[in-house]
């Protein structure tokens, strides 16, 4: 290392995607053949960089993101060999793959090395019991070798030097692959190793504290002499050696690096003398490598930076570098003399062997011209004849000479037309002269023929197609969801990530047993951040309270995204490698049921009286007993070796049944193939007799193993994955009446029997066997649409089984995200092989239909309202409730306000008219929640003021509007006690289910970001009570506070406690005006004053100047209870509108009992807004 060596180039690792963050590299290597530096990352990504400037050259993936990081590079004349966790990949240097090898014995690969055959053969190993030898030229595995140890690092010298995970180094013969010698280099592990010529150098760590299991790097580098097969004197390195490399040119020189960037150039024969350099890094060194030329080295740090070191005048990577292939520059188009006389044939066409893109298939219809405009006969009758045609009064509400696109109009007649925005409809209704809006053509009409089955059509009809939410400048709240849903069953919005699961959530919600379990668990004291069972309970409660309004499962999907197992299982849309949504829904159903099984057992439920009587338990069931009875299929699997006939048994439980279809059979001579029923397919799926290859412990080799199941019990909720994978399966489902609405199941002596139709009726009449009848709750359906429509999932559910009282008839409904409409049973149970196939089916025992356990509402765990997890006793902005004296209930009013931050900026594009069109609105996250007492002696005092710990990246803290800064939400710098979103949400959810009334200003947006559904009877919104519908404008909190309360709020920023208190004072004003009978007059005065100030409170400086010009200054005032000030005549509300004496008497302070400090105001003093 010459004296002029320094950092030459520093670049940041590229991000794996546009919406992702850069990640540290997991492997780096210099190419010995080309002037390239290669880097591998944790999601299977590989990048290469060219020259001293590290210009990005190529990038590609070697494996799915879920399989882990890139481990190591080796280089061949024909390309680069990359080692992944479960695969080995070889690619050309410009990117195209040469081969990719995957094998069942590749479980956790860590290292690889060339063998005695040079670069024609490699051996790969890892933390696994098998090493594999690969022919590089053929790309095949030619040998498998049992590994005596698990290896982490391999280097090739005279021997293959392999470092084990326990701190030793094995010298492996590169020809026979046998261990020649072992050397214990370090006590615990080896962090880095290099081998060249006659030397091996290692640095590692040792266990320093046995009790605490604390490891520390060793302050030396061990050296082993391969020529004499003996250890040499260690090289001391006080800064703790993290990485080491032997110099490729100077045979006895090593470069040692610490984690903090201190580098020593040491002579192995004279370790006491060294040259020291310091790398300028802000974190710690993760990777270190030296170039084959010895004239460059690279450092990779934890801050995702690459540091290239070398001499600025001599730096190069390899001595005999081959030139790299660069993209060929595009040839400029030839200049043509293009004029009217130029024949098109002079352009010519290139020679081709494949069909051109312009050769469209004959089945593609091209639009030519447009159909004539269809005029109403009544309109034509009013026209008058002239020499040049007909003329008359324009009564069609179109502009003169306006061209109408009749082609697109006819096309849209076959689809669900998007409704008008709510603001647009309100404006049109207000401006219409007659006020008659009944002629709106966008009314959702029922089909003319109710007996028509839409599922028999060759393509997906409009009611099954994918729906999109349109956004105006007012955001998603301006979209008319009611246009798509005129039932009392709530839909779910589909513009949030992972909303493919909407149909599965709806299906589980209308299964009474699952809904009971989720709500019982949510009502307990569980505050686990990633408890999906709690989130399911919150979603089910929202859907129940919505009464037809559209909901969203944002918090549920956030918890799902935060679950570590979700991404590897392919359950997340943004990271999935699963080929279809149907497969994702099936995987999600299995995952959710396992989570329910595990999480339900953690905390005993509120009450199990209903389940005890339903399942005839002799005692109150434990959580384990109940969840096993509801969800688990208990069976014993018998595995038989077809060679030695030995049998082994293995008990187990499953939560989901995968249907197993029989192989297709051809009809015999003169006969028909036997009919396959759903019951037979279900039986095969439950018992599942299969034959596959497996290890036989008696034969000590792989043999054909036959497995069959002996069924002991089936659950009360039967979740079935359809597993439709070929055309034969589609034909079965397309058979009319193939799926029954009821099935009967008998489990007798390990045998599973299933009956349907007439067979089921016959067994029920006989009454010989104990048969359990199951009702079909519903299905998740995969709608396979073609371009431009996208394939998606819908739910078809019989909601009659979830009603509080049995309706006496089936009530099938189609849940297409936020579109909900009733369908007939024939429509629900008819499938189409072309576009409508089931993905998940759900059955429940018939005796559990319409059984809702509502005990959780009366036994709700409210301890979270009285717990204070804030360790700071000083400067608290709130005081928690007193458990002895403050007990919220149905008569309690609480004032609520929240603050948000932005997670994603809105996506906006320009349409063909040059107007800005919102594709995706801004995405918000809850940052602060404040709840203020609305009654009692502590009225106006906050009892909740939570700041939320946000896991997602925040793009804008909206400080001007929220008062939130980056330091408020950073756990390292925040002066507030940050809580999880689950904790803050559960406090509000408990208040909601205690019956409290939420008071605030513009609560609709608060509830949307909180993701909670509050019934109208529990909402008091001051933006609605001080609103005139005829004015089409809602008033801000700051303006109302200035005009009615004479208070200036939100001067510099927002504070949620201040806003909640102000809303509470405004509500008290509203009660005064309403009680005095002057509410309408006051609203007119407010709007009149708003027009004079543009509905904004005047600035304080302007008002002070106005007061200085008055001849008589106003008297000093003192605030009263509502923030009002008396004027000079002794009247209250000095400068504000006076409130005359009430007709029914003054406001009486609420009386408080010995327990409820919140109090119960009289009905006359607290009417809800109408």
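Just so you know, the numbers here start at 1 and follow the chain as drawn.
Quick reminder: no glycine exception, Cβ is built from N, Cα and C everywhere.
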Open item on the list: With 897, 899, 1059 listed by Swiss-Prot as divalent metal cation-binding, which of these, 945, 946, 1006, is given for the same site?
Closed with: 1006
- [ ] With H, G and I counted as helix, E and B as strand and the rest as coil, say where DSSP puts residue 1059 (divalent metal cation binding site).
- [x] helix
Open item on the list: Cβ under 8 Å, sequence separation of at least 6 from the ends of the repeat 'WD 1' (104-144): give me the contacting residues as numbers and ranges.
Closed with: 71-72, 74-77, 81, 83-88, 90, 98, 150-156, 160, 162-163, 165, 174-175, 177
TODO: Within the region 'Linker' (319-458) only, compute the mean pLDDT.
DONE: 69
TODO: Please list residues from the chain of residue 899 (divalent metal cation binding site) whose Cβ is under 8 angstroms from its Cβ, counting only those at least six apart in sequence.
DONE: 927, 928, 962, 963, 964, 1054, 1056
- [ ] Fewest other Cβ atoms within 10 Å: which of the binding-site residues 897, 1006, 1059 wins that one? Let me know.
- [x] 1006
- [ ] Please report the DSSP secondary structure of residue 1006 (divalent metal cation binding site), reduced to three states.
- [x] helix
Open item on the list: Give me the sequence-ordered set of same-chain residues, not including 897, 899, 1006, 1059, with a C-beta within 8 angstroms of the centroid of the divalent metal cation site's C-beta atoms.
Closed with: 896, 898, 928, 929, 930, 1000, 1001, 1054, 1056, 1060
Open item on the list: Summarise the repeat 'WD 1' (104-144) as counts of helix, strand and coil residues per DSSP.
Closed with: 0 helix, 27 strand, 14 coil
Open item on the list: I'd like the per-state residue tally for the repeat 'WD 2' (280-319) from DSSP, helix first, then strand, then coil.
Closed with: 0 helix, 18 strand, 22 coil
Task: Secondary-structure category, per DSSP, in which residue 897 (divalent metal cation binding site) falls - done: strand
